[in-house]
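Student: What TrEMBL shows for this protein is this:
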- Glu488: active site, proton donor/acceptor (ACT_SITE)
- Cys124-Cys148: disulfide bond (DISULFID)
- 40-162: domain 'FZ' (DOMAIN)
- 189-518: domain 'Peptidase M14' (DOMAIN)
- 1-18: signal peptide (SIGNAL)
Amino acid sequence: MQLGLLVMFLFWAKTSLCVPQQNCHPGDEYLGRCSNSAYEEKPKCTELNLGYCNDMEYSRTIFPNILGHRTRLEAESGAEYLLLSVIHGLLNGECSPEIRLVGCSVLASPCRDDKMVKPCRSTCEALRKDCTHAFEAIEMAWPYFLDCDRFFASDQEGCFDPLAGLKARQEQALSSLSPQEPSTIIQFTYTSNAQMYSILKRTAAKCSHISHVYSIGRSTEGRDLLVIEFTNNPGQHELLEPEIKLVGNMHGNEVLGRQLLIYLAQYLCSEYILGNQRIQTIINTTRIHILASMNPDGYELAASEVEDNNDPELINHEGHLLNGWTNGRTNAQNIDLNRNFPDLTSVLYRNRRSRHYRTDHIPIPDAYWFGKVAPETYAVMKWVRSLPFVQSASLHGGDLVISYPFDYSRHPLEERMFSPTPDEQVFKQLARTYADAHATMSNNDTERCGASFYRTRGIINGALWYSFAGGMSDFNYLHTNCLEITVELGCDKFPSEAELYPEWKRNKEALLSFLESVHRGIKGIVKDGNGNGIKDATISIRGVRKDVTTAEDGDYWRLLNPGTHIVTATAKGYSKVSKRVYLPHTMSKAGRVDFVLQKVPVEPDIDDHLFPTSDTWDRFDPYNQFEQYRDPDVGDSGREREEKPWWWNYFSQSGGVFPDASSLCSWSEFPAGSLPLRSLALSLSLAFPVHHVVTFNLTASVSST
């Protein structure tokens with residue numbers, strides 16, 4: 001209540017009690033075009049004594065400054081200085097301290113021989129290019145007082161680089177790295193959600209020829225589920241190029257996978273540019289999709305819990321290892337996302353004895369949509385239905401093992417029962433690929449967090465470990481072509497930052513090997529007699545009761561282990577064609593097996609009546625129960641309408657126009673004779689520091705979007 005009253009008072013005081021607007025803008029006054037002063041004093045250098053700017057590389061400044069503030073008090077009372085005081089929290093640490101240093105160079109420019117030295121325009125432009133996305137992430141315009149054209153000078157005019165000292169220190173730190181350090185420099189620290197979005201967007205911008213980012217939806221609290229893609233032709237599917245996805249942070253408190261995927265994205269981009277042939281081959285032949293955080297809301301809660309646990313003033317100090325195996329696990333609706341997918345495994349078990357029933361592309365039961373479906377689950381289901389994924393890995397924490405489907409026991413009363421899929425051997429090979437390439441996962445002497453997986457060298461059938469329904473891996477296998485494994489990265493769900501680099505070293509080779517393993521088995525195109533690709537043709541393997549279907553242009557991929565296989569291609573209204581295929585153990589890439597099917601008369605099939613799957617597979621959210629997840633309220637510009645926070649116009653203006661003078665007046669500008677009001681304002685500001693109030697309201701506003 002007190003905070004709200006204070007904010008209302010500050011806003012009323014600064015908009016209603018300011019002196020009348022001046023006819024001359026401060027910038028124009030500085031340029032000598034006009035003057036608001038009855039008399040002018042010659043500006044002189046003075047000591048730099050501006051709290052948030054006292055760490056600049058110089059010690060003397062001059063007033064009036066570029067913005068027309070005549071004294072230090074005016075500068076400290078202005079909206080620009082207030083923004084600099086909260087910018088770190090506002091942007092969640094992104095572009096800090098660069099924004100503050102450049103802002104200070106405008107508020108308090110260096111002074112030499114009683115003359116102002118303006119900051120460099122090139123520095124401002126580079127900063128704006130790197131940091132615009134950070135302001136866009138909170139729906140805020142670039143600050144007007146950082147207008148690169150208006151308030152900054154060119155190199156020819158003589159200017160000062162406010163980031164020169166920071167750059168020098170960073171270069172010195174890089175030069176101190178040992179020769180054994182990787183050529184790709186990655187900062188192995190935890191990242192907030194805003195920092196994660198920023199890193200992914202900057203990485204995609206840096207490698208725009210092989211990468212781009214896109215959102216598959218939003219979390220319960222409105223955070224983007226942001227995917228970064230790597231391929232030599234980003235943004236579209238290429239014929240015969242397999243698609244693979246990596247998903248992290250499904251449980252918000254299992255954070256190592258999230259960080260590893262952020263590091264992997266940076267590594268792929270940097271190494272491709274540096275000419276790493278292995279990375280270039282992977283990206284040029286594969287379409288990689290990385291969803292670093294499927295549950296950003298849960299991460300937000302888990303990260304705050306860890307911060308609290310690390311506070312030495314708190315009595316109940318738990319530390320990382322005890323950070324809750326529950327805090328932040330679920331989404332903001334308290335839904336466990338890995339129990340929220342349609343339970344198609346039970347549908348399969350009920351019908352598995354019928355020879356007519358297909359065990360692939362099982363439709364989602366209508367009854368599922370009457371339950372509670374999380375927006376994160378909804379988004380991922382739409383995603384996996386929209387792209388022809390071949391294989392996938394979901395990164396978790398809590399143990400050190402690879403598990404693979406089925407995750408739900410074939411007997412509902414058995415919590416631990418071996419429940420293989422028709423692709424048991426292929427799944428085991430996928431699991432072995434990651435476990436064997438990991439530094440310690442397959443070692444017999446590795447500590448196993450209380451479990452015993454050493455006999456299977458770090459892999460296990462999911463239901464044999466423990467059974468649960470509604471998992472993402474089972475859904476991928478039974479509803480799409482995709483084969484997904486679950487990677488448990490270690491005992492500690494939220495390891496300390498000191499462990500992030502060692503964990504990257506342990507997992508880097510495993511991640512790369514898993515990406516390469518998608519080029520296994522066979523691939524090809526199913527065409528008609530005229531050479532046109534046939535969509536939704538079925539590719540079946542004799543002895544394996546799991547088919548895959550062709551993509552939009554008739555191309556397909558089928559993961560297979562070495563050996564001899566009978567492969568059959570069929571499509572409704574076309575002939576059936578079978579081929580014998582031999583895959584030697586020495587093959588390092590998928591074999592090419594094409595099919596040409598001839599049109600034949602369509603005859604009624606009893607399967608179409610008893611077990612209609614092809615038609616009902618397309619039924620997704622049939623009753624529009626979750627329409628709000630995909631149709632946000634958008635304005636004329638095509639962007640979602642959102643109520644702007646109260647500080648929007650107070651801090652920023654687009655187009656390089658100054659804010660109204662009423663939003664820039666300082667406490668010193670209260671009308672003469674208003675001493676009681678000025679005293680009240682001073683008392684309130686001392687009792688409740690202004691930047692604390694603003695931070696409180698900024699946080700509330702940002703988190704509500």
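From the backbone N, Cα and C atoms, a Cβ is placed for every residue, glycine too.
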Student: Sort the residues of the domain 'FZ' (40-162) into helix, strand and coil with DSSP and give the three counts.
Tutor: 55 helix, 15 strand, 53 coil
Student: Can you give the mean pLDDT for the domain 'Peptidase M14' (189-518), rounded to a whole number?
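Tutor: Across the residues of the domain 'Peptidase M14' (189-518) the model's pLDDT averages 90 on the 0 to 100 scale.
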Student: Hey, what's the Cβ neighbour count for Glu488 (active site, proton donor/acceptor) at 10 Å?
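Tutor: Excluding its own Cβ, Glu488 (active site, proton donor/acceptor) sees 26 Cβ atoms within 10 Å.
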Student: Return the residue, from the listed disulfide-bonded residues Cys124, Cys148, with the maximum count of other C-beta atoms within 10 angstroms of its C-beta.
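Tutor: It comes out as Cys124.
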Student: Please report the Cα separation of Cys124 (disulfide bond) and the residue listed as 'active site, proton donor/acceptor' in Å, rounded to an integer.
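Tutor: Rounded to a whole number, the Cα-Cα distance is 44 Å.
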Student: Cα-Cα, whole number of Å: Cys148 (disulfide bond) versus Glu488 (active site, proton donor/acceptor)?
Tutor: 48
